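See below for the structure under consideration.
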Amino acid sequence: MASQDMALTSCDEEVANGCHLCKSKFEQPRVLSCLHVFCEECLKKHIAKNGFMPNMLECPDCLQETKLDTKGVSGLPLDYIACNRIDLKAMEKTQIVCTSCKAKETAVARCTECATFLCPNCVTAHQFMRCFESHTVLSFDEMKGDGDSFTTIHKPVTCNSHPDEVMKYYCHTCHVPICNECMILDHKQPEHCYEKAVDAEQKQREELRNLISESESKVQFCEEAASVLDTHLSDLQMQYDNARSYIEETFQSYKAILERQQEQLLKELDSIHSSQELQIMETFHNVEKTIEKIDDACKFAERLLSCGNTLEILSLIHIVGTQLLSLINNTPKLDISVGIAFETDEKKFEASIQEHFGKVKKPEPPAKKEDSPVSQKASPMHSSSSFESDAFSLSTGVITPDNTLPSLDVDLANNIVAQYNLAQLAGMAERSISQSSSNATPPPLNFADLLTTESDVTAAQLNAINNLTALAKMGSISLSNGQASLNGQLVSGLNLHSTQMPNSPPSGNQVMRVMNSPSPIEGLESLLGNSSIVGSGSRVGSPLNGPVLNGGSFLTHGVHSPPILPPSALSPMTGQTYNPAPRSSSVKLSTMQIRCKFGQLGPGKSQFSSPHGFCLGIEEEIIVADTNNHRIQVFEKTGDFKYQFGVAGKEEGQLWYPRKVAVIRSSGKFVVCDRGSERSRMQIFTKTGHFLKKIAIRYIDIVAGLAITSEGTIVAVDSVAPTVFIISEVGDLLHWFDCSEYMREPSDITVRAQEFYICDFKGHCVIVFSEKGHFLRRIGCENITNFPNGIDISDAGDVLVGDSHGNRFHIVVFSREGTLLSEFECPYVKVSRCCGLKITSEGYVVTLAKNNHHVLVLNTLYVV
């Protein structure tokens, strides 16, 4: 009953909207093969205007073609339901004209047998003439009193071939209703199988309902396809941006002779991008049209089932079933292949230039020594201190022998870092000895003393030990006759053989010692992961083995050895790095409860389409950049919709795929980053959504993170070429710094005091910079902060890092120095591609699930 009421309401709305061509009420509504309905005269004018072929008609709405028979538009089936509703509306307004005579008087009743409207004279005739003796006449007032009679009126359905005959049978062979004449002339048995229409109704209704159900199931597929296509479009744009950037860089190298080539390559890239984009957009369009067609067809079919009688259903079921089967069998296929890349061979180009441009004769350089396969694969290890640190002010004799300098080959960085790490170890031993002995000349460094010293261990020293271990695994350091050597060169000051015992037994303040090591040699061997310490230049041992590299512990009192950094983190840097030990699989994470979840795919209020960013307002309202809907939506923390602003477009004041939004707290203004007509655009809006100004940011490719400092300056980080830009509210570029040396792909940024915290999505950590761009420290590591995509800092100064790796939202809480404090996860909902993390004053955590098209507000029970 409820579905019938909904169908009647939908039908009334369609009738009220009228014909889309003439913008007025329907006159002889005809049904096209796509199930769109138009006036008969409007369709004739449409054919004449567009010059279609006489046997073909293209739908003005969806452009689907409809075949016409010899009768043309008049041969198309009538929309019986619409005709009945039009008559019903006319009855309600008592404006219907008598259809039984030619007097054109207003009708006051209806004959159920004739299915005609009667004026007062025809009513009298029906009462007294014998030919109407068995007819039932109901006045409009009587029909209004009987709700069923008033809401369900039906005209007799006559045969197209024999207009005087009412159709009473259904031919299963031809799938059409037929009359008595058709049964005798055109649908004879046994070639044709037919039965009474009443008997065929139930089976045909069931078949139509099954078609509706199957068609509706395709809508979900199409929605998923639309999401996949959107991802393809984003990936295509990302690949296009990366390829374009690579082309630009290559052009800078070849600029002297490649100006024409640059233009050609960019045109080729644009052509390929446009072609693939057009292909995706066409498929996207086809998917959307398929959804619309299925929706329209299902609505029409539901309306037919709910409102049509037997013959009406049987008259239209063929065309309806044909359309639904056509939509089912012609669902768009995602034969999309996205891939744009730029390839060049700089070596061949350089060789060609050297050969043809000219040569400067000079002495032949000495042949380079070939590296072993191990050293070729190994990237230079690094300490948390840079090459500009105080370690390089040490005397040459401490670092290398006075009469030996390493050659400037590919092992230079390896040598310098290894020497620095050994110098750090030597410095630790010297400090330990100076505290326990007053001798003017300190004895040689003994690893037994080093590994059992009572002195405190600094982060730099800890990194020195870890890097020394890694270098030993790579074969850069070996031990010979109790002496450490670097790439075959003896390092003075490091002596392994000593019978000297530590000055005092290990105490409670002891920080470092080798676990269960009976001798210094065996302890060092354990430290170096059981690599060979006999002979010189030995490179036995895999870098993947050993307790240190696998996160094994060799520190006491809860101090654990951090694992060697992943390749993504191997870059020179200053400051300190905290890498917590990998979490054990048995560790139970604190559970976050879902306080509020709102949003779904769609263009309406409280609906989203791949939102890429959000922020919290002055009153902690949730402000969402609804990317594919080209707007900004504002919500209460409870999920209640407040307002929205934004008109789709590339002009100033309009929004075109907004990705990030932030609030200037001093004024409440919104800063919105979108595409616009360029690569990236930044616009300022009032807190009510009125456009103020545009800030040109042509120097930014894709804004991965957006934040506002306490002074009101805008901080944006570029994900294509990792760079941080500090921009004033008026649009002036105040400062910028390159952070590509320290990270791979920024994904979010937050600012606290004079420190910038940036998530490195592919580096699995957070990098902290000063406002001047100096590297300070790294927080987190792989297995702890996998693919971080959101960061915020609580009022207490704790750093919250979020990720959606593994389809669940996971948060790690660190101190500002990088100490891991706690972890939370939400196991109650699966999420994909979360963007951002914000913490409210109550301690609720807010995040945005881009691919799920909703906002999550989680109660962590975490007091800030």
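Glycine is treated like the rest: Cβ placed from N, Cα and C.
Per TrEMBL, the features are as follows:
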DOMAIN    19-62  domain 'RING-type'
DOMAIN    93-140  domain 'B box-type'
DOMAIN    154-188  domain 'B box-type'
REGION    356-388  region 'Disordered'
COMPBIAS  356-372  compositional bias 'Basic and acidic residues'
COMPBIAS  373-382  compositional bias 'Polar residues'
REPEAT    595-638  repeat 'NHL'
REPEAT    642-688  repeat 'NHL'
Intrachain neighbours beyond the domain 'RING-type' (19-62), with Cβ under 8 angstroms and 6 or more residues off its ends: 68-69, 72-74, 76-79, 82-83, 86, 289, 292-293, 296-297, 300-301, 316, 319-320, 322-323
Integer average pLDDT (0 to 100) for the domain 'RING-type' (19-62): 85
The domain 'B box-type' (154-188), counted residue by residue under DSSP: helix, strand, coil: 6 helix, 8 strand, 21 coil
Secondary structure composition of the repeat 'NHL' (642-688) [DSSP: H/G/I, E/B, coil]: 0 helix, 22 strand, 25 coil
